[in-house]
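Asker: Have a look at this one before I ask anything.
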Amino acid sequence: MPMVMADQHRSVSELLSNSKFDVNYAFGRVKRSLLHIAANCGSVECLVLLLKKGANPNYQDISGCTPLHLAARNGQKKCMSKLLEYSADVNICNNEGLTAIHWLAVNGRTELLHDLVQHVSNVDVEDAMGQTALHVACQNGHKTTVQCLLDSGADINRPNVSGATPLYFACSHGQRDTAQILLMRGAKYLPDKNGITPLDLCVQGGYGETCEVLIQYHPRLFQTIIQMTQNEDLRENMLRQVLEHLSQQSESQYLKILTSLAEVATTNGHKLLSLSSNYEAQMKSLLRIVRIFCHVFRIGPSSPSNGNDMGYNGNKTPRSQVFKVRKVYDVVRKIDVKEMNFTKHAFINQTSHEQEPLELLWHSLDEWLVLIATELMKNKRDSANITSILLKQKGPDHQDATPTPSFAAAGTESRKELSTDTGNSKTYEVAGKQEACADGQDVISMTANRLSAVIQAFYMCCSCQMPQGMTSPRFIEFVCKHDDVLKCFVNRNPKIIFDHFHFLLECPELMSRFMHIIKAQPFKDRCEWFYEHLHSGQPDSDMVHRPVNENDILLVHRDSIFRSSCEVVSKANCAKLKQGIAVRFHGEEGMGQGVVREWFDILSSEIVNPDYALFTQSADGTTFQPNSNSSVNPDHLNYFRFAGQILGLALNHRQLVNIYFTRSFYKHILGIPVNYQDVASIDPEYAKNLQWILDNDISDLGLELTFSVETDVFGAMEEVPLKPGGASILVTQENKAEYVQLVTELRMTRAIQPQINAFLQGFHMFIPPSLIQLFDEYELELLLSGMPEIDVNDWLKNTEYTSGYERGDQVIQWFWDVVEELTQEERVLLLQFVTGSSRVPHGGFAHIMGGSGLQNFTIAAVPYTANLLPTSSTCINMLKLPEYPSKEILKDRLLVALHCGSYGYTMA
C-alpha cells in the first residue's frame, strides 16, 4: 500500500508479477482496494497498472465510494481519465446518493466537470436528500461550475426533498455571484416546503449583497425586507447589516430605506397607542424599528456631524425627504377613555406641504400628553369642587336628608376620574373612592406604558440627529413641556423609568427633574439599571476576565505593585480594560478571577499607604480622606488619577476594594455638595464649633469672625479668604449659614480640589458621571467596598458542598464551629484565602462572583494525609478541605493556611 501511495509502479509491478495477490482485495475497516488508494492519492502509474491487472474500476468501499468518486473529490484529473477509459461508471451513487459529479460540484472542479459531464446520463441525479450537483455548486459559490452545469442542461428550479431550489441554496450561504447567475438564467423565486424563502435566508445571515441581487430581479422584495423589521424572530444585527449595505448603494436607495422605515415605525406607533393592541408586542416592534432606523440614518451617505445635518446631507439633498409619504394618519380620539384609536385616510394637502410620518406620530404623542395634562388639571378642580360640596353637608343627622352630589354636579367629565401623583400634587379621590374606567383601570394606568414607549422612540430619533454627547434641544423642550404628566407616569409606575426613560442617564439637563423619583426606587433596581447601561454594547459579561490575547494581560511586580500597576494601566487600552481584565504577577504562574480579585484587594490597601501620602486617616480611624499636603509626592496627581482608575475598574467589573473613604469623599465622587456635618470626619471639634454657631445667636457675643480663616500650609499658617474681600466682612447672625458653608467647602473641597479633580479624571474613564449619580454616598460605599461585617449565618446558608461532603458531615460541622470561634480578622483572611477578596458584596454571600458569574462559596472534600493544609481555587470560590480526624487538627491546619497562604497563587 505505501508503494501505491508513492506511485512506485515498478516495485508494485514486480510484486504483482511474482504473486497471486487479488488486486480487488479490500483492506481495512472501510474495505478499499488498491485501486481506491491509487485514485485517492493520484498515483496514476499504479492506477493504470492495477487496471491492466484486472482491478474493478466500479468496486465500492463500505461507504459506497468507487475509485472514480475519490479521484473526482480530490481533483485527480489523470486518474479520472484512465478510470473512464476502463469503463468506470459515472452514474454510480455512494450510500448517501452522491455521484462523481456531486464531488466535482462540491469542490468547484469545473475543468474536470467538462470532461465528466459528457459521460453522465442524468446531470440532475439526486443524492439521498434530493440535492443535485447544481444545488451543492450554488451553495459553495462555484460560479464556473454552476454555469457548466446549467449549460449541460441542469434543472435550474429543481427542488430537493424539503423543496429547496438551487437559488435557495445559494442564498442560504450568501453566495451573491451564483445567485446572480441563476436569476439571470430565469431561476424562479420559490420558498421551501416550510415557507422559508431565499430572502429569509439572506436576511437571517446578514447577506446584504445577496439581498441586493434579489431586489434587482424582484423589486417587490424591498418592501418585504422593510416589513421584516417587525419580525422579532429575526436577529436585529443581521437586519442592520442588510439595510446598511443596501443604503450604501445610492443616495436614492438610502432615502427610500429611511422613508419606508419611517412609515413602518409610524404605523406601529399608532398601533401601540391603540388600547386594543398587544402592548408588549407592539412596544418591542416599535423600538426595534426605530433602533434600525437610527442605525441606518447614522451610517448613510452623510451621517450627521452637527445638529443641522437633518436639513441637508453632503449632496445637498433634503434629508426631510426621507419622511415624506402620500398618506398620513389623522388622530381620531374618542371621548370614552376606554378606547383610543387612529384611522388612516388619504390626506388632501391644502397647504401643499407633505407631512412626515414620524412627525405625525410625535404630533399624536404630544396631543395625548396635552389631553392627559388637561384632564389632570380639570380633575383637580372637580375634586376641589366635590370636596367643597361635601364639606357643606351638615353632619351625621343630615346625611340621609342630603343627597350625595353626583359626578354631574362637578362636571360630567369627572366620570372618568384621573388619579394623579405628580410632583407636589396628591392623589385625588371622590368621596373616598378613586373613580376608574369600567374595566377597573383609569386612563393613566391604561396609557402610561404605551405613551412612555413612544417617548423613548421619540428620544432615539431626536438623538440620532445630534452629534455624540449632545442632547436634542427639541427633546428637552418636549420633556419640559410635559413635565407634570411624565412625573405622574413614573410616580404611578416607577418601573417606567427603567423600561423607557433611559434618556435620563444621557441628559443631565433632564435627570435633575426626576432624580428625587429615581432615588426613591429600590437600591437593587438602580444597581441593575446602572450595570445594564454601563455594560451596554460590550461583549458578554462572562468574558469580563478573559483577555483577547497575551498582550492584554497586565503583568505587575508584587514587590512594587502600586508603581508597576500604575505604569501598565496608564499604557493599557481603556476600552479593552472595560471589556475584560486579566492580571499576572511577575514570576508567578497563576492567572484568573482569583488573581484579579487579589490585585484589586492589594492595590486598594496600597492606595492609602502612608508612603505615597495620597490619603490620610480620618478621625474615626477606619476611613480615609485625600491628603491636602499630598504634593510632597511630585507624582501625587498622577497617582490620584490612577487611584480613580482602579476604583472605576473595580466598580465596572463588580470587584470589591478593601478600603473605606469618608462620606465627604464619596460625595465628591457623586458630585454632591458637602456640608458642615462632613467636617466631623477630619476634625470633630471644629465640626462641633460650626454646629454651635448655627444653633446659637451670635449677635452679641463679640466673636469678631470674618469671612477668612487661618489654615496650615506645610506647617505655616496662612490666612485664606472664604470669598473676595472676606477679611473685611464680619460674620453676623444673618450670614452665619453662608460662613459655615464656605468654611466647610474650604476644609473639605477647596483644600483638596486638585486631588479630587485628578481622581475623578481616572474614575470617569470607566464610570460615567450620569450613571454614578443614581446613588447616594452610603450606597456608593456598599457598591465599592461591600458589607464591612461578615455574617457567619449568611455564609453558612449560601455555602455548597461537593466531592463527597454534605451539610451534616462531622468535618463540616467542625469547620463551622471553627469559623464561629475565629476573630473577625481571621474570618476576613478565610474569605480572602478562598475567594481572593476580603469583602462580602452588597446582598451578602448569595452575590459572590466567580469566574463565570455568581458562584457560591463551596467546600470540597480532599483525602486526609498527615500535616496536609487546606487549599483553594479562587476562580470558583472553592475551599478544598481535607477530611481531618478532629476539630483541633482542622483548626490548627486552617489557621496555618490562612496566615501563610492568604496571598499568592500557583497553578496547583
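Placed from the backbone N, Cα and C atoms, the Cβ positions cover glycine too.
In case it's useful when we look at the structure, here is the feature table from TrEMBL:
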- Cys875: active site, glycyl thioester intermediate (ACT_SITE)
- 573-908: domain 'HECT' (DOMAIN)
- 394-424: region 'Disordered' (REGION)
- 30-62: repeat 'ANK' (REPEAT)
- 63-95: repeat 'ANK' (REPEAT)
- 96-128: repeat 'ANK' (REPEAT)
- 129-161: repeat 'ANK' (REPEAT)
- 162-187: repeat 'ANK' (REPEAT)
Asker: Would you mind checking how many other C-beta atoms are within 10 angstroms of the C-beta on Cys875 (active site, glycyl thioester intermediate)?
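Answerer: The answer is 22.
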Asker: Go ahead and report the DSSP secondary structure tallies for the repeat 'ANK' (63-95): helix first, then strand, then coil.
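Answerer: When I sort the residues of the repeat 'ANK' (63-95) into the three classes, I find 16 helix, 0 strand, 17 coil.
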Asker: Would you mind giving the whole-number mean pLDDT across the repeat 'ANK' (162-187)?
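Answerer: Averaged over the repeat 'ANK' (162-187), per-residue pLDDT gives 96.
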Asker: List the helix, strand and coil residue totals of the repeat 'ANK' (162-187) as derived from DSSP.
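Answerer: Here the numbers are 16 helix, 0 strand, 10 coil.
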